[in-house]
Each structure stands twice: as C-alpha cells, then as structure tokens.
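K.L.:
Summarising the annotation, Swiss-Prot assigns disulfide bond to C107-C184. The N-linked glycosylation site annotation in Swiss-Prot covers N12, N197. For C320, the entry in Swiss-Prot reads S-palmitoyl cysteine. Among the features that Swiss-Prot reports, N6-(retinylidene)lysine is placed at K293. For 327-348, the entry in Swiss-Prot reads region 'Disordered'. Annotated topological domain 'Extracellular' per Swiss-Prot: 1-33, 94-107, 171-199, 272-283, in sequence order. Per Swiss-Prot, topological domain 'Cytoplasmic' is recorded for 59-70, 131-149, 222-249, 306-348, and the stated evidence type is a curator's inference. If you look up Swiss-Prot, you'll see 34-58, 71-93, 108-130, 150-170, 200-221, 250-271, 284-305 marked as transmembrane segment, on the strength of similarity to another entry.
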Amino acid sequence: TEGPYFYVPMVNTTGIVRSPYEYPQYYLVNPAAFAILGAYMFFLIIVGFPVNFMTLYVTLEHKKLRTPLNYILLNLAVADLFMVIGGFTTTMYTSMHGYFVLGRLGCNLEGFFATLGGMISLWSLAVLAIERWVVVCKPISNFRFGENHAIMGVSLTWGMALACTVPPLVGWSRYIPEGMQCSCGIDYYTRAEGFNNETFVLYMFCCHFTVPLTIIFFCYGRLLCAVKEAAAAQQESETTQRAEREVTRMVVIMVIGFLVCWLPYASVAWFVFTHQGSEFGPLFMTIPAFFAKSSAIYNPMIYICMNKQFRHCMITTLFCGKNPFEGEEEGASSTKTEASSASSVSPA
C-alpha cells in the first residue's frame, strides 16, 4: 500500500493499513517482533559504541598507531559511530513504539546516517584495497603510501558517501520507512512522481556499489597473484612477507565481513526495485536491513583481534599503562599496520 512518503508491504483490502508515521504497525507482525527488534538495536548500541569509541581513543592516545593505513581504519570507526549514534538509537526508539514516531524528519536522519555509514565503509574498503595493491604489487615504482595519500583516501570516502546519501534529502529519491516500518532507507519500492527513484537507484547501484566492489576485487585479484610470485621467488625476507600477509589478511576479512552483512540487503533491495508491485512480507526487507546494521561492530572486532600492536595499546590503556598479558602480546612491534609501508613483492 503506497501513501504519501511511505510504502507498507501489505495490500489494503481490509482497510487496516495506516501511516507508519502516525499509528503502530502491529497489524504487520506480532508486537513481540518489535520488542525483539528494539532489544537487538540496544545490543548493537552497547557493543558498537564502546568498541568504536575505544578504537578512536586508543589510536589518538598512542602516537605509534597514527600510521597512514590506520587513518583509513579510523575512518571506518567514525562511520560506525555515525551509524550507532544517528541510526541505531533512532531505530531502537521507534521499535519500542511500533511505528516511526519521529516523523519524516526522523526518517530522513535515520536513513541518512545508516546509509552514510554503509557507504563510507564500502569506499574505505576500496581505498584499503588500493593501498594494499600499490604497496604490495608496486605498480608505481618507488611509491610510498604516506599521510597525504591517506588523507586523500579519507576525503574520497566522504565525498563519495555524501554524493550517495544527500540526494534523497533534496528531492532525488527519498528516505521512507521499510520492512516493519521502524527504520528508513532509500525508496526502492515505488515510482513516486517527482522523485525519479528509478534513476537514483540505478545511479546508486552502478556508482556506489558496483564500482567500489570492482575496485576491491581487481586489487585483491592482482595482489593474490603477486603474493604467489613473491613466495616462489623469495624476493623479500620472511619477516617482511609475513607482515604484509597479515595486513592483507586483516583487510580481506573486513571485505568478506562487509559482503556477508550488506550483500543480502543489497540483493533484496535490487529484487524489490526490479519487482515493484509484487507482494512480499514486512520481514522480507527487515531481516536483511537489520543484519546489515551489525557491520558497525565487526570492523573494530576484526581490527582488535588481528592487530597485535593495537591490542597491546588497548590493553595498556584499559589497565592504566600496564599490560598484565605482556607475555602473550610479545612481538607487538612487528605490527600489521606498520607493515603497510613495506613491500613484499616485485612489481605486478
């Protein structure tokens, strides 16, 4: 059922469909589902905010962590905090009420922050892939990834993310409640007159999904070939090769995590867009959308688990300058992030 600034996934043959901005949507699913949704968002908030804030705080406190590669990783933490503060808190509040009680303004803000976080994450992973390709494969001789390049990379991620998330705020497409009507996203559902949803969705999928994914797959495809060649030729020391492999492994796992979280949502969104008017239940979009939101906690978790130096610095921060697990954290100086300035293979 389509209405002004909303689309409820139910045929209004019984006349029970109401605006998700004004009435509880308990006719869509059992009211308990809204409580579960709210509890899930609360979990993401109490986990996502501390780990992302700690990632920022520890990096700013410890000078040795302020490497060019870490600028991009910090950018991911900032994006996740935007999702937690601007998106998750709003969705938890609306879930508790059973409808989007904050109105259109709240919907625009929630949709904007949630989409912004996802876009910054994807473009950050594309920049990381380019960094790994340039550092490891050396397509440009004597090139060193430095602070200026990292700042340019961060600026690119924000520029591209804003190019995707601002248009719906100013009339090219729009943000509307989706699924159980407690969170908002791009309007994939309607051909609302005056909003040009079709052209925006095509622009979004081509320029802000296909392009960064193509960059990621190209860079890592070249990188894998180069790593195999280097291993066969033994052109660099084992320590250098191992450090580069560890950094690359961490970034690849982040990419896989992003795809696991966001690919189901993107696939469902594309299906809805190409099958407008087809019947589907509220959970069809709700489950992928809320699964995608879990991406706000996996990036810092991967970073903490796979980076010895950062883990060591975080523990010393938490324990007031001491590391009670010093023996387990030995070798922290051989870091994954410091390895970003090294190269382990010959030019690709």
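Cβ atoms here come from the backbone N, Cα and C positions, even for glycine.
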K.L.:
What is the Cβ neighbour count of C184 (disulfide bond) at a 10 Å cut-off, with all protein chains included?
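P.N.:
For C184 (disulfide bond), the count of other Cβ atoms within 10 Å is 33.
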K.L.:
Mind checking how the topological domain 'Extracellular' (1-33) divides into helix, strand and coil residues in DSSP?
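P.N.:
The topological domain 'Extracellular' (1-33) comes out at 3 helix, 4 strand, 26 coil.
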K.L.:
Counting Cβ pairs under 8 Å to the transmembrane segment (71-93), which of 200-221, 250-271, 284-305 comes out on top?
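P.N.:
Maximum Cβ contact count belongs to 284-305.
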K.L.:
Comparing the recorded positions C107, C320, which residue's C-beta has the most other C-beta atoms within 10 angstroms in this structure?
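P.N.:
Neighbour-count leader: C107.
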K.L.:
Counting only residues 6+ away from its ends, which parts of the chain sit with a Cβ under 8 Å from the topological domain 'Extracellular' (94-107)?
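P.N.:
For the topological domain 'Extracellular' (94-107), the list is 5, 20-26, 31, 34-35, 37-38, 41, 175-177, 180-184.
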K.L.:
Write down the Cα-Cα distance for N197 (N-linked glycosylation site) and C107 (disulfide bond), rounded and given in Å.
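P.N.:
It is 17 Å, counting Cα to Cα.
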K.L.:
So, do the transmembrane segment (200-221) and the transmembrane segment (284-305) meet, by the test of 3 or more Cβ pairs under 8 Å (sequence gap 6 or more)?
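P.N.:
With fewer than 3 qualifying Cβ pairs, these stretches do not touch.
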K.L.:
Where the distance is taken from Cα to Cα, which of the recorded positions N197, K293, C320 turns out closest to C184 (disulfide bond)?
P.N.:
K293
K.L.:
Applying the under-8 angstroms CB criterion, which one of 34-58, 108-130, 150-170, 250-271 scores highest with the transmembrane segment (284-305)?
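P.N.:
So the stretch in question is 250-271.
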K.L.:
Same chain only, sequence gap of 6 or more: which residues have a CB within under 8 Å of the CB of N197 (N-linked glycosylation site)?
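P.N.:
The answer is S173, R174, D187, Y188, T190, R191.
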K.L.:
Would you kindly give the Cα-Cα distance separating the residue listed as 'S-palmitoyl cysteine' and K293 (N6-(retinylidene)lysine), rounded to the nearest Å?
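P.N.:
Roughly 32 Å, rounded to the nearest whole number.
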K.L.:
Restricting to the same chain and to residues at least six past its boundaries, which positions have a Cβ under 8 Å from a Cβ of the transmembrane segment (108-130)?
P.N.:
69, 72-73, 75-76, 78-80, 82-83, 85-87, 90-91, 94, 102, 153-154, 156-158, 160-162, 164-166, 168-169, 175-176, 183-186, 208-209, 212-213, 215-216, 219-220, 251, 254-255, 258, 262, 292-293, 295-296, 299
K.L.:
Tell me, roughly as an integer, the mean pLDDT over the topological domain 'Extracellular' (1-33).
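P.N.:
Mean pLDDT across the topological domain 'Extracellular' (1-33) comes out at 83.
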K.L.:
If you run through the topological domain 'Extracellular' (272-283) with DSSP, how many residues end up as helix, strand and coil?
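P.N.:
Taking the topological domain 'Extracellular' (272-283) as a whole: 4 helix, 0 strand, 8 coil.
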